[in-house]
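Trainee: Sharing a structure, written as structure tokens. Questions coming.
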Amino acid sequence: MEDNLPAVPGGAQRHSVTLTRPVQTLRVKMVLLGSSGVGKSSLALRFSKNELRSTSPTVGCAYLTSVVHLSDVTLRFEIWDTAGQEKYHSVTPLYYRGAHAALLVYDISKRETFIRAQLWLKELEKQYIPGSTVIWLVGNKCDLDQDRQVSVQDGLGLANERGLFFTETSALSGDQVNELLLAIAHRVYECIGVQQGGLSEWQEMPLVNVHHRHTFNPFASCCKVGP
Amino acid sequence: MDGEAPRAAVSWENGTLAPIDRLRLERADSPTPGLVEGTEPGAGQKSAMFVHAQSFEDLTSEAEEEARREADLDKSEGECSEELKLLVGEKTIEEQRNDNFSIEDRSKEEDVSSEAWRSHRKHVFVLSEAGKPIYTRYGTEEALSSTMGVMMALVSFVEAEKNIIRSIHADGCKVVFLTKSPLVLVGVSRTCQSDKELMRELQYIYYQIVSLLTLTQLNHIFQHKQNYDLRRLLAGSEYLTDNLLHRLDRDPGLLLSAVTCLPLASSARDVVSTSLQAAKAKNLVFSILVAGDRLVTLVRKKDQFLHHIDLHLVFNLVGSSSSFREGEGWTPICLPKFNTAGFFHAHISYLEPASELCLILVSTDREDFFNMSDCKQRFLERLNKRSAYQALKEALKCPSYSVAQVGIPELRHFLYKSKSSGLYTSPEFPFVYQSDEEQERLMGLYQDLHSRLHHPNRPLRSFYRCTATENLLAWVTSGFELYLCFSPLGTKALAVSAVTKLLKWIRKEEDRLFILSPLTY
């Protein structure tokens, strides 16, 4: 597979645990959208714990976190892994509203999931504020190359036409998964993080202070005044 | 099945075990267990945790009402209605048989016509009023569209005569119909369960579907488009219905309309409950901590009650989905016995990734995720501080108890339900019932006892049955329901004498086996 990822500046690393470093930690709201069964939950689990498990269909939405260290900033991804099933579509706007990164996931071995991803794109664009969301088209299950129904060109073509980023991944083998998260981290930081009020700072609350934590509203994080 | 075995119904008056006038007095550790609702072992001390109801009757009462309405209609129709019913009955059975023939014809191309498919013990079908397939337990819906069309034709045909089709008995098979507009549910069973029991199971399936979509949404969809394919909206959730059907065959809680608790020292449970009670939020309605299928504690908003059916639907959701193990789940859920019109929003997460302990926080606000997440943190923090978490983890190591602890000879297993608390207790299955088939057989025996006690026309207070493999005794009072299973060596006298002894034992253990003081925020 071609490497479609943007160049990664040196020194960037990804850890699954927070290190105590005197760098700023910024919150990034990321949402995974796509048809049922394309591997959104598996990708999310890879992002969060770098593990793989077969899961039953997601019910509603699952919330996971993942921390990515860039050279001069730490990003705490708050990942909303949505259910692909149609009955939950009415609540999905809750999760993509104000997202800094949106992943449109499809299964390269199922054409209809690619078409569905384009419908999700249309819906996202309705709510889209230019420059506020990094939209990434993700062709998952690239380990199923022999059953491929969506070519790399199709994916790239759509991405270029609509101004999206594009990557093919395999949550099964882990191929390109870390690279994808890192690339998203860079893009989000470059595009949104530098803006005034782009990303809010994450305060690690020790458990003792946990009572006072319920003051922020995650669903309006894009509108927060910057750090 | 057990026709050759001697069978007799014994009955005795409540008064022989305890005079009724004394029962309204204080709960006491007197040797005579209370027999009246509210004083039986396991009865809640403060207030009921669930919606207070004669649970089983509550579940079937709607069907009964419909039947009564139907009966009224019959009367107005005049004397010929009896003849009509007979005619209709004959016709429908004929049609059913014709349908079976047509299935056989297609046997080469589709596996729903295979012998294996037809010999399943219990089929469940859900269809829309336009006759469109929505769910089948076995096979694919597409392959069954003509069968479901016939089912709908039967329902409409009888309805056109201002009547309601309830069941067809033919050829060792019972076909039960439940019309819950805009859905029609059909059960086809080869088991010896009564119509009422089968109807109850269909009700559960109906509520399962409503809990995913709400009745308001269902009605709205079918008002707009009568032949809408509901499978689109239920796609990916069929496993919930499958699992619920599996539970109906195996879980005594669904039979008894009750839930069981994790045995836990009352001091530890109190700490867990108060920790949960303290972790409250404005829109939080129910906080439920479960260990597998066992309730650890439940805290509810004042004046808001959870119905046991809703709780079983929550259990089914949590138990069927592995997705809550990865991160925190947040999902809309309708609790149909609470309100069929709207969604609650449930925060569902395990206390630890590998733990059996799952916390369910039910809120009314769909944007409440972080508040609920925060409630969970506060709960965990308190739990750890008061070292109750360790006690809880210890209790998880022995989630049940052996029947030997009761010390009644020849007693193999029992179910005891306290009616006022809606909770039941039951020991683990002994060695003879280790296999899945044996456990389902025992459940079948309990189902039989249950349906005899709750017979719609001839309810019984007690029932004794002796078969080649078990001696069974069932007893129901206004306070409790008790089902006992003895080895074939047991006798009726032994069984009857065991009741008092068992009730005394349960009274002694009640603060460990039951939740006696349910809390509100």
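Note that Cβ sites are derived from N, Cα and C of the backbone, with glycine treated the same way.
TrEMBL feature annotations, pasted as is:
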type: COMPBIAS; residues: B:66-76; note: compositional bias 'Basic and acidic residues'
type: DOMAIN; residues: B:122-244; note: domain 'FUZ/MON1/HPS1 first Longin'
type: DOMAIN; residues: B:282-380; note: domain 'FUZ/MON1/HPS1 second Longin'
type: DOMAIN; residues: B:410-510; note: domain 'FUZ/MON1/HPS1 third Longin'
type: REGION; residues: B:26-45; note: region 'Disordered'
type: REGION; residues: B:57-76; note: region 'Disordered'
Trainee: If you average pLDDT over the domain 'FUZ/MON1/HPS1 second Longin' (B:282-380), what do you get?
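Mentor: Result for the domain 'FUZ/MON1/HPS1 second Longin' (B:282-380): average pLDDT 93.
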Trainee: Would you mind splitting the domain 'FUZ/MON1/HPS1 third Longin' (B:410-510) into helix, strand and coil residue counts from DSSP?
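Mentor: Summed over the domain 'FUZ/MON1/HPS1 third Longin' (B:410-510), the classes give 40 helix, 29 strand, 32 coil.
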Trainee: Within the domain 'FUZ/MON1/HPS1 second Longin' (B:282-380), count helix residues (DSSP H, G, I), strand residues (E, B) and coil residues, in that order.
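Mentor: Taking the domain 'FUZ/MON1/HPS1 second Longin' (B:282-380) as a whole: 29 helix, 36 strand, 34 coil.
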